[in-house]
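Q: The structure is given below, and queries will be raised subsequently.
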Amino acid sequence: MLNDTIVAISSPIGTGAIGVVRISGDHVKNIIDQALKRKKYTPKKMYYGWLYDKEGEKVDEITWVYHSQPHSYTGEDMLEIFCHGGKLITYAVLNTIIKYGARQALPGEFTKRAVLNGKMDLIKAEAVNNVITSETEISLKASFNQLKNAVSEKIKDIKNSLLNISAQIEVEMDYPDDIEFEDHDLKNKLVHIVNSMNQLLKEAENGIIAVEGVRTVIVGKPNSGKSTLLNALLRKDRAIVTDIPGTTRDTIEENLNINGIYIRLIDTAGIRYTEDTLERVGIERTINSIKNSHLILFVLDGTTPFTQEDELIYNKLNELGDKTVIIILNKSDSPNFTENNYLSLKQKNPNDFVIISAKNGAIKNLENKIYEKFFEKVNIEEPTLTNQRQKITLESSKEFVLNAINSLEKGFSNDIIMYDVRKALEKIYELSGENYTEELLDKIFSTFCVGK
């Protein structure tokens with residue numbers, strides 16, 4: 001559908017000084033001619049005038065800029081109209097343009113066209129969305145590093161290396177009697193590619209955390225103060241707080257900013273043995289949330305001894321191994337609070353143990369501990385991958401390169417080695433967007449705002 005013309009409001013909806021309406025496609029010049037009554041104009045120059053409807057009535061007093069293809073964001077003819085801010089007048093401009101033959105753009109469709117027209121690759125397109133949706137300066141920094149094409153250039157280098165190897169093998173296959181390359185030379189080139197991939201993958205998880213947030217799960221036995229802690233961290237009442245164990249039967253998700261670190265916080269059902277069907281479903285969701293988390297906040301009730309339920313959770317968390325766990329002794333405000341029941345646990349985990357009062361909001365030491373655990377991970381200086389799609393696709397490409405090295409070492413024929421090199425290339429093309437499916441693009445751009 002790239003031959004049609006699209007339009008969308010690109011500014012936030014609501015009262016403001018200026019509204020922005022963006023148009024892209026083959027019909028842009030006709031719209032300028034008919035709706036703006038302008039015959040001569042220069043690209044990249046701002047003009048003042050009126051927008052007219054099809055009956056010749058003035059819709060709004062505007063300024064506008066024309067961008068000629070291919071020197072525009074989408075690579076197509078584009079028109080950007082700057083009208084008076086406000087919901088009614090901005091929608092009036094939008095509807096006027098639609099009556100001149102444009103259609104309402106889909107989410108992310110302008111950027112999707114930019115990718116399809118070769119103005120940017122898929123990695124940069126995802127970075128555009130990340131920059132817009134960044135919640136913290138750290139996530140903005142990681143996203144902006146991608147926006148500057150640094151990651152794309154590294155992927156391009158990997159692609160070119162694979163293309164050169166593919167060409168080298170193909171020449172040898174076409175002229176086996178005349179040309180024969182040394183196996184160790186080919187292996188060294190493949191190993192160099194794997195090393196380049198490893199360099200990107202090494203910081204990938206931290207890049208994902210920086211942009212998408214630290215997936216943080218609050219766990220503990222029922223009535224240990226998990227929901228109170230959630231509310232304290234958010235500085236608002238989000239979860240129901242009662243003295244009845246098992247009140248939280250579903251996961252509650254919220255986002256917050258702790259000293260510049262983006263936290264995706266999940267309050268979960270308390271873990272215990274129960275016959276209650278709904279509560280058991282909640283506990284299953286808790287376990288799934290734990291498996292997918294980066295950080296686990298294990299809440300203990302400081303007014304009670306360390307129970308079998310606490311021990312069950314503690315042992316389960318230890319089995320995970322690679323998770324960051326902070327043990328939180330809660331309810332320090334209570335006259336029944338005592339640290340004595342948990343001294344052994346504190347001695348085993350001296351750097352991961354904090355005492356708080358969630359009820360009174362005395363949680364600064366917990367926030368400092370979270371910052372201490374994750375600041376170095378997310379404060380990334382080097383450009384890196386920033387989502388699971390990018391990471392998984394590059395890992396898949398790397399597996400094919402490793403297969404090619406293995407085939408080479410075992411003395412397999414060139415056509416077998418070539419198969420893996422080509423499959424590795426296919427994954428690199430998928431990563432950059434040179435090889436795509438509509439399903440992939442729809443999934444990526446559906447998360448964009450309309451007008452971008």
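Glycine too: its Cβ is placed from the backbone N, Cα and C atoms.
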Q: Look at the (6S)-5-formyl-5,6,7,8-tetrahydrofolate binding annotation in Swiss-Prot, where E80, K119, K452 are given, and name the residue from R22, R38, R389, R422 listed for that site too.
A: R22
Q: Please report the Cα separation of E80 ((6S)-5-formyl-5,6,7,8-tetrahydrofolate binding site) and S227 (Mg(2+) binding site) in Å, rounded to an integer.
A: 47
Q: Compute the centroid of the Cβ atoms of R22, E80, K119, K452, then list the same-chain residues not in that set whose Cβ lies within 8 Å of it, in sequence order, for the (6S)-5-formyl-5,6,7,8-tetrahydrofolate site.
A: S10, S24, S72, Y73, T74, M78, F110, T111, A114, G451
Q: Give the residue from the binding-site residues R22, K119, K226, K452 that has the most other Cβ atoms within 10 Å of its Cβ, counting over every protein chain displayed.
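A: Per the Cβ count within 10 Å, the most buried is K226.
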Q: Of the binding-site residues N223, K226, S227, which one sits closest to R22 ((6S)-5-formyl-5,6,7,8-tetrahydrofolate binding site) when you measure Cα to Cα?
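A: For R22 ((6S)-5-formyl-5,6,7,8-tetrahydrofolate binding site), the spatially nearest of the binding-site residues is S227.
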Q: Cα of N223 (GTP binding site) to Cα of K452 ((6S)-5-formyl-5,6,7,8-tetrahydrofolate binding site): how many Å, rounded?
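A: Cα to Cα, N223 (GTP binding site) and K452 ((6S)-5-formyl-5,6,7,8-tetrahydrofolate binding site) are separated by 45 Å.
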